[in-house]
Amino acid sequence: MYAVVLLVCCSWVALLCPSVQAYENLALKKPAWQSSTEMSYNGAELAVDGLYTDLSWDGGQCAWSVGGQTTAEWGVDLGGVKYIHHVFIQYATDNWVWDEYNGYTGYFLGFSVYISNTTNKEDGVLCFRDTIYTRATIPNPVNITCPYHGRYVIYYNNRTHPPYPEGYSYDVYIELCEVEVYGCPTPGRYGENCSLLCPENCHCDVIDKTCVECVPGYKGHLCYEECGGHTYGLECKQSCGNCSGGVQCDHETGSCPKGCDAGLYGDKCDLECGGHTYGLGCKQSCGNCSGGVQCDHVTGTCPNGCVAGMSGDKCDLECDGHTYGLGCKQSCGNCSGGVQCDHVTGICPNGCVAGMSRDKCDLECGGHTYGLGCKQSCGNCSGGVQCDHVTGICPNGCVAGMSGDKCDLECGGHTYGLECKQSCGNCSGGVQCDHETGSCPKGCDAGLYGDKCDLECGGHTYGLGCNQSCGNCSGGVQCDHVTGICPNGCVAGMSGDKCDLECGGHTYGLECKQSCGNCSGGVQCDHVTGSCPKGCDAGLYGDKCDLECGGHTYGLGCKQSCGNCSGGVQCDLVTGICPNGCVAGMSGEKCDLECAGRTYGVECKQSCGNCSGGVQCDHVTGNCPNGCDAGMYGDRCDLECGGHTYGLGCNQSCGKCSGGVQCDHVTGICPNGCDAGLYGDKCDLECAGHTYGVECKQSCGNCSGGVQCDHVTGNCPNGCDAGMYGDRCDLECAGHTYGVECKQSCGNCSGGVQCDHVTGKCPNGCDAGMYGERCDLACGSYKYGVECKEVCGNCSNGIPCHHVDGSCPSGCDAGAYGVTCKESCGNCSNRDTCNDVDGSCPYGCDVGVYGKTCDKACQSGRYSISCAKACGQNCQGCNRFNGVCEFGCQPGWTGTFCEKRKVFAMTMKTSRFLLNWWIFNRSSTELFS
């Protein structure tokens, strides 16, 4: 009997004991944590204190969490990355027999063990996940082989995906009395005594020196080979960025030794230039791309063309060659000096050439104007046609009465009519006739009649208006049309120049034709000779005193000179008085005084204008010799500035006065304020300081680059700052848009709320399946759900699961099942793969298990495939895999299957020794059960 028992025990010891004894418990007394703690004496550290003789919840040796939870986690920090061989777990039993009736078995079922280099189990590897045990079959304690390296060992259980297999509890606890982690305490070593060194750059298997994993930057069976082929990092699975010259990046870090190719930046050259930069080192600035989009990160070319006013592949050239606008396809107008117009708006910076108007100088002067700024008025062109917009010349001549190329001169020089080719008649006073009709404004000189004074008096009339009748002239001829004098003398019996007097006093000669002169004292002249005995009266001269003073003389002896009589007539021969007044500019009875006292013209009745310095104007024309006072213009300075001008010479332009009214002709001040967008007394200052509108009282919106908005409308010339829209950029982006021109769409913000109108960031996080500040990135790296915190299951061919619900689009990998492929198949017959939907095994179960998913250990008294066989009738409990009676035989029986009767008796001392030895090594057999 001894030999048999010893043989069986030794066979178990050979499977586990030698390797277990060689490794150190790395977890003993190390820091530990758990997801919650039931009582102060149930802390996580009790699971690594080396004590587990009392397996009850209140015995002070077991870690215990709060109940009623759907997840439970416990972990231990080994103090550094260690090479692990296996993990030993002693679960609580409350010091009761561990079998299917022990209430703790249901809480132990479904547990997992992870090895990680962080406190997050998802960052590590899954060592073990229970998918096959039942309440009747789950061992306790249990040894789990975990040939991995890591710093943290994490125990985890959950009840998050009902329904659960039969026997599972509905919630989970941490009920760990001891967790022992066996392995090599020194990294880089392996073997039974942890005395052998792993190959360089290798995380090797703790038992043999097989490289389980290479350190980042190395590959190959023994991790001697550096990453190449433009790869780097762990397992050489990361691709290098675009290193300058196509060189290999650093095999460990991925950094590029000589910088990046054009268009890339970052240590790894895996980031494209942004922020409107491109080229080597992203040091070149993009041009003005249409819509503010990023230019090509390598070449700098703009993908959708340029903003208005720019050209070239890179949109860095302003329009020239007298073009402007989108694509530089619009032609500039006629800018002053032939300069280039504004490349964006087409506006001419220094105004227009003569004859053109508007901001773009693309409209010829009209409305009978011409010249610079269309400020000069045309004359009276024939037919009312527009004069030449540049020179002001009339193309078809002038209307009647006007002359000059520009038809701005009235006919003069006693002419009138078309082309001033007709001569005026003899207008009274020698004045100019009407320049259009030829009519005389003040009547005719003596002896003339008709509207134009071009007809001599007839019908025996004469004098002013032909209102005087002639006498009896010799031969009946017409008397002189001016004086009435008969040209050939009088008929017999008549006397007088006009032959209307009979010969009488103071006449003499034949037919009384000879008159006495004006003898001094009124005496009769000599009746024969007509001579005066005592000389002549004033105004006469000659022997007979019959000659009147002439040559503009008068008085006694005709010795005094006349002044400037109107029409050039002779003054009164006696007094010197001018009979019809004076020529323009002269005054006094004798017309010998120039106009003064700021008067001029005929009879000095016209007042001078506002001559500069208050000087006297020209006494004849009224012209000012030194120009005009401010605000006045014209030769005579009698016209106030108009046409929105003011000041000296009317050379200053008014600002934009409210209602378009004329500014003060002297000061330029606007009487009723300014048009919208202007300010200042003269309304010549555009609104600034981010204001616009009437009196500049309205504030600009958020214009792009902080530029001034349009001073009149408030519109922003170059668009809005990011997050704003509208002509005035005073509206925040809405409708799930953000950024420049609100052209970028918000991501999937939690609850469908609007993202930040400027940055696009989501204020309350993301919808399930999305992450990033803008929630525009679908979960990757095999994550899903809210905040991408859930880890995908084992999806077929490593395809990522659905980023929202974690479902696998193409089913599960072999060995996994369920919607999320997180459930592990049981032990199917012949290691077949279970159904990936419900976990059922198509050809039944493997040895030692049964149930739909082959995850239930054989019930007591059953073993083999699908637990189809019954244990030997003499067993007190057989091994569920091979039927060996591992819990002893009924009294009187022995053998592997208790098929032999006892043939000898043992002493009590020997029996107790073997029983204690068997109990000591019982836990070793669990590793292979």
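Cβ coordinates come from backbone N, Cα and C, glycine included.
What TrEMBL records for this protein:
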- 193-224: domain 'EGF-like' (DOMAIN)
- 235-270: domain 'EGF-like' (DOMAIN)
- 281-316: domain 'EGF-like' (DOMAIN)
- 373-408: domain 'EGF-like' (DOMAIN)
- 419-454: domain 'EGF-like' (DOMAIN)
- 511-546: domain 'EGF-like' (DOMAIN)
- 557-592: domain 'EGF-like' (DOMAIN)
- 603-638: domain 'EGF-like' (DOMAIN)
- 695-730: domain 'EGF-like' (DOMAIN)
- 741-776: domain 'EGF-like' (DOMAIN)
- 787-822: domain 'EGF-like' (DOMAIN)
- 866-899: domain 'EGF-like' (DOMAIN)
- 1-22: signal peptide (SIGNAL)
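Highest Cβ pair count under 8 Å relative to the domain 'EGF-like' (193-224), across stretches 235-270, 373-408, 603-638, 866-899: 235-270. The predicted model assigns the domain 'EGF-like' (741-776) a mean pLDDT of 89. Within the same chain, the domain 'EGF-like' (557-592) stays apart from the domain 'EGF-like' (741-776): fewer than three Cβ pairs sit under 8 Å, each pair at least 6 residues apart. Fewer than three CB pairs closer than 8 A are found between the domain 'EGF-like' (419-454) and the domain 'EGF-like' (511-546), and contact between the two stretches is not assigned (pairs 6 or more residues apart).
At the 8 Å Cβ threshold, with sequence separation of at least 6, the domain 'EGF-like' (741-776) lacks contact with the domain 'EGF-like' (511-546), having fewer than 3 such pairs.
According to DSSP, the secondary structure content of the domain 'EGF-like' (193-224) in residues is 0 helix, 11 strand, 21 coil.
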